[in-house]
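J.: There's a structure below that I have some questions on.
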Amino acid sequence: MASNKVVFSVLLLAVVSVLAATATMAEYHHQDQVVYTPAPLCQPGMGYPMYPLPRCRALVKRQCVGRGTAAAAEQVRRDCCRQLAAVDDSWCRCEAISHMLGGIYRELGAPDVGHPMSEVFRGCRRGDLERAAASLPAFCNVDIPNGGGGVCYWLARSGY
């Protein structure tokens with residue numbers, strides 16, 4: 001009798017554990033894709049600076065139009081990579097880059113969303129700017145925990 005109670009208790013515990021794990025995983029899956037969400041502290045002024053990654057802004061703009069001397073570009077790249085690595089929480093890096101992109105759009109008077117082929121500034125299309133920004137973690141060889149080969153998750157979500 002006691003062994004039946006033990007077996008029943010173990011089975012009940014196993015079922016409850018599986019149900020809890022399934023409910024937790026369902027929160028992070030959407031249409032058979034894992035959805036990576038940044039930590040709640042990944043906000044301007046908390047997980048990264050209010051004006052994030054100023055040297056990365058310059059680098060992304062340079063990459064988009066393909067201009068600049070090699071020496072100047074190398075210094076900007078080093079500075080950008082240092083700033084990106086300084087974002088302590090690796091979960092916050094893509095969020096900081098996304099916020100940086102929004103800042104670039106505001107500075108240029110462009111809407112935050114638009115067609116990838118639309119020109120954001122002379123010689124630079126929105127899609128090219130966003131690809132350059134999203135690939136900064138891979139370019140700088142800094143960790144982002146989304147398993148996307150160093151490319152920020154929101155680029156894959158945007159469809160280009």
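From the backbone N, Cα and C atoms, a Cβ is placed for every residue, glycine too.
Pulled the feature table from Swiss-Prot, pasting it below:
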| type | residues | note |
| --- | --- | --- |
| SIGNAL | 1-26 | signal peptide |
| DISULFID | CYS42-CYS92 | disulfide bond |
| DISULFID | CYS56-CYS80 | disulfide bond |
| DISULFID | CYS64-CYS124 | disulfide bond |
| DISULFID | CYS81-CYS140 | disulfide bond |
| DISULFID | CYS94-CYS152 | disulfide bond |
J.: What are the non-local neighbours of CYS81 (disulfide bond), defined as same-chain residues 6+ apart in sequence with CB under 8 A from its CB?
T.: PHE139, CYS140, ASN141, VAL142
J.: Using Cα coordinates, what distance in whole Å links CYS56 (disulfide bond) and CYS42 (disulfide bond)?
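T.: For CYS56 (disulfide bond) versus CYS42 (disulfide bond), the Cα atoms are 18 Å apart.
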J.: For CYS124 (disulfide bond), which residues of its chain lie six or more apart in sequence with Cβ-Cβ distance below 8 Å?
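T.: Expected: LYS61, CYS64, VAL65.
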J.: Give the sequence-ordered list of residues that share a chain with CYS80 (disulfide bond), lie 6 or more positions from it, and have CB atoms under 8 Å from its CB.
T.: LEU53, ARG55, CYS56, ALA58, LEU59, LEU136, CYS140
J.: Cβ-Cβ under 8 Å from CYS152 (disulfide bond), same chain, 6 or more residues apart: which ones?
T.: ARG93, CYS94, ILE97, SER98, ALA133, ALA134, SER135, LEU136, PRO137, ILE144, ASN146
J.: Can you see whether DSSP assigns CYS42 (disulfide bond) to helix, strand or coil?
T.: coil
